[in-house]
Structure formats: structure tokens, C-alpha cells
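For 42, the entry in TrEMBL reads L-glutamate binding site. According to TrEMBL, the pyridoxal 5'-phosphate binding site annotation covers 76, 77, 101, 158, 178, 201, 245, 246. According to TrEMBL, the domain 'Aminotransferase class V' annotation covers 5-356. Feature annotation from TrEMBL assigns N6-(pyridoxal phosphate)lysine to 202.
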Ligand SMILES: *Cc1c(COP(=O)(O)O)cnc(C)c1O
């Protein structure tokens, strides 16, 4: 069995013990004579699986009782529309645009009401999170003026390698966060938010599940628009236990296993410590490198996605191409930024990161010893 050092941004590496358990249970899930793939979502066997997944997640994040946990489909992208459709009651919400996914959510929301641009870091190609004092002042002014249904942020910007290190102060306005690429990377104070959601394929499981955690008071009156598709109606989904229709049964099963793995390997604080150790190994290397440099501003760096480049597109391409010889995969940057990106999610090990660091140092030595003549 040859496993590679996988730095994919998503779908991404899963813990090997989780993969082994899934393989073990594939033909016969715990003596029931069938795979989870073949099981009715209405069976008691399956109900146990989804209940366990939710219970483990509730323990991990200390989710208060007045928050609902949903396992939905359609990716994070469907929630770009689902959030305004459920929460834009007065038709006005504030967006902080810190990258591609935040921008998509902002544009989607503008279809359903007034999306107020609170701040953007587009002027520096999204290499930072805007200054929180400025964001907070803007939120306070909007809240006191025409009002805001919610404030929306993308907490970790997967493509640009930036992350909030401080949340905006929203007062009474609910904070809504796309935490897709930092979910379960570090502790998170659920009570600071009205709604959090995450596509599972980054750090929490397989593609095809979106975890939504929402304060029940926000959805008690049903969606903001009568035309909201039933599937996107969070109140109905909560009442039906994420089983309004057939859920992604297998995906939720995988999530449950990943949640258990996070718990068994020490929980979120331990996870954060390991994740920063991995990311900082690369950030330190970048700071000391004469060839590579990080693309995110220091105080906005991500715990999960380390973005860097050489400044020479040909060298970047040579680095990405050469990585495969070292069993290193998926280090090409997103097409919007170019360069390289190493995603060091929970299941990526320190050994994986060390292998990448060794390759980077070797590549640097090789390319400073023999400067190109052209
Ligand atoms: C990957 C990602 C998305 C898009 O997720 P889909 O599940 O493909 O819709 C949205 N937001 C963030 C922060 C992401 O990392």
C-alpha cells in the first residue's frame, strides 16, 4: 500500500485509521449483513449512526442545547443562497469579502436582498483579513442605521491562505461564518455565532455533506422568503432531523468517524496545537527562505492552508511537477493565486509536512546553486 503525502485543499486527506475502519465495515456493518451504503436511512441502525455523529460533534464543540446541528447536501455553495433565504428578514445583511468564497456568498446574497459590503481585502489580492476595528465600526454604524439581519464572514480563506484571528464584534447582530476549511482545526466558541457551516470535504469527512450549526431562535419563524425551497428551509430540516429527504447517508457516517477520531486523538485544543506546529514549520521555512515566500500577511495566516510562491512561474511549475517524485501531491496553488498551496488539515501528519519541508529545502538549494542563465 503506497500512500502519498497529500496536501489537497479538498476533498482532502482523511485519517488512515478512519479509512481502515470504513474498509473493515464495508461488506458487513457491525453484523447487520449489509454496508452503510445499502441501508435505509429510516432504519434504527442508521438512526444510531447519525445520532452518534451529532452527539460526538456536540461534545467536541460543546454545542449548546439551543443550537441545531444539520447534515445537509449541496456543499457550502448551496448555503450561499440558503443563508439569505432563511435569515434576510428585513432584506439587508453585511458581508466581509476576504476571498473567492466570501465574494461568491456576497454575490449570491445580493439576489435576495441588499448585501452590504462591510469591508474587502481585494485591493491587496486578499492577502489579509481587514482590520477588525474598521470592520467593527462599520458594523456598528450599519446596525444603528438601516440595520443588518446578520454579518457574514468566511473565517478561513482556503484559496488565499488567510484566517480570522479575531472575530468581528457584532453586538446583537448574528454572526454567520463559513468555516469550511477551519472546521475542527481548532476550538470554536459556538455561542459567538448565529450560524456556522462547513463543507465536510476539507477537514471533517467526505464530499457531499455540509454541516450547519444554527441557533434555534434564528430559524424559529421559518425562512425569510415564502419561495425558499423546502430543502433549504432550515426550520423544516431541523424538525426532520436532516431527513426531510434521503440524506448523504454514507457521507454522514464518514463524518461521524472523523468526529470520533478527533475526540480520541485529544479533541480540538490538541488538534490546534498540532495544526499550528505543522503550519509554523512551513511558515518558518518560508520566512528563512531566499527562494520561496508566503503570500499571506503574517498576522492573517491560516492554520490550514499555507500559500507560497517563488515569484517565477516557471520555477513554481517545476516545483509542483517535481513534488510527485517525492510522493508529494496536490501542492499546486489555486488558479486565482498561482504558486503553491499546502493544506495541512487535521489528517495531514507532521511526517507529511516534514517531507514537504525537506523537498522545499532541497529544491531551494538546487536552484540557488545553479542560477538559470537566461
Ligand atoms: C471549499 C470551500 C467552499 C465551497 O465548498 P463546496 O462544498 O464545493 O460548495 C466554500 N467555502 C470555503 C471556505 C471552502 O473552503
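If you go along the chain as it appears here, the first residue is 1 and each next one adds 1.
Using the three backbone atoms N, Cα and C, a Cβ is placed for every residue, glycine included.
Because the structure is a prediction, the values reported are computed rather than measured.
What TrEMBL annotates, mapped onto the structure for a quick look.
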residue: 42; record: L-glutamate binding site; DSSP (3 states): coil
residue: 76; record: pyridoxal 5'-phosphate binding site; DSSP (3 states): helix
residue: 101; record: pyridoxal 5'-phosphate binding site; DSSP (3 states): helix
residue: 158; record: pyridoxal 5'-phosphate binding site; DSSP (3 states): coil
residue: 178; record: pyridoxal 5'-phosphate binding site; DSSP (3 states): strand
residue: 201; record: pyridoxal 5'-phosphate binding site; DSSP (3 states): coil
residue: 245; record: pyridoxal 5'-phosphate binding site; DSSP (3 states): coil
In sequence order, those binding-site residues of 42, 76, 77, 101, 158 whose CB lies under 6 Å from ligand 1:
76, 77, 101, 158
Among the binding-site residues 101, 158, 245, 246, which ones place their C-alpha within 10 angstroms of the C-alpha of the residue listed as 'N6-(pyridoxal phosphate)lysine'?
158
Greatest CA-CA distance (Å) over the residues 76, 77, 101, 158, 178, 201, 245, 246 that the record ties to pyridoxal 5'-phosphate?
30
Is it possible to get the count of other C-beta atoms within 10 angstroms of the C-beta of residue 202 (N6-(pyridoxal phosphate)lysine)?
28
Mean per-residue pLDDT computed across the domain 'Aminotransferase class V' (5-356):
97
What binding-site residues in the list 76, 101, 178, 201, 246 lie within 10 angstroms of residue 42 (L-glutamate binding site), counting C-alpha atoms?
246
If you count the C-beta atoms lying within 10 Å of each candidate's C-beta, which of the binding-site residues 201, 245 ends up with the smallest number?
245
Mind giving me a neighbour count for the residue listed as 'L-glutamate binding site'? Other Cβ atoms within 10 Å of its Cβ, every protein chain shown.
9
